[in-house]
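Peer 1: As listed in Swiss-Prot for this protein:
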BINDING   C36, C39, C53, C67  [4Fe-4S] cluster binding site
Amino acid sequence: APVDEKNPQAVALGYVSDAAKADKAKYKQFVAGSHCGNCALFQGKATDAVGGCPLFAGKQVANKGWCSAWAKKA
């Protein structure tokens, strides 16, 4: 199941299913071009539309999504 943006955990992390809608004023660490699909936490392939994330157990995040825990994939 996809992560609901209104889920308390999602709200706390500023999760959005479309990185273009990330609150860049609130999250100064936002990096242009960052999204779930190129995050170290993303548990899918770079080509998958959705994938697992350890921050949202049992849920799937959008590849093009974003949250404040984003960390560049090595």
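Even glycines carry a Cβ here, placed using N, Cα and C.
As the structure is a computational prediction, the values presented were derived from the model and not from experiment.
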Peer 1: Looking only at DSSP and grouping its letters into three states, which state does C39 ([4Fe-4S] cluster binding site) belong to?
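Peer 2: DSSP call for C39 ([4Fe-4S] cluster binding site): strand.
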Peer 1: Note down the number of other Cβ atoms within 10 Å of the Cβ of C67 ([4Fe-4S] cluster binding site), including every protein chain shown.
Peer 2: 26
Peer 1: What residues, ordered by sequence, lie under 8 A Cβ-to-Cβ from C39 ([4Fe-4S] cluster binding site) and sit at least six positions away in the same chain?
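Peer 2: Looking at Cβ-Cβ distances below 8 Å from C39 ([4Fe-4S] cluster binding site), excluding near sequence neighbours, one finds C53, A69, W70, A71, K72, K73.
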Peer 1: If you count the other Cβ atoms within 10 Å of each Cβ, which of the binding-site residues C36, C53 comes out on top?
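Peer 2: Buried the deepest by this measure is C36.
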Peer 1: Please state whether DSSP places C67 ([4Fe-4S] cluster binding site) in a helix, a strand or coil.
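Peer 2: Once the DSSP labels are grouped into three classes, C67 ([4Fe-4S] cluster binding site) ends up as coil.
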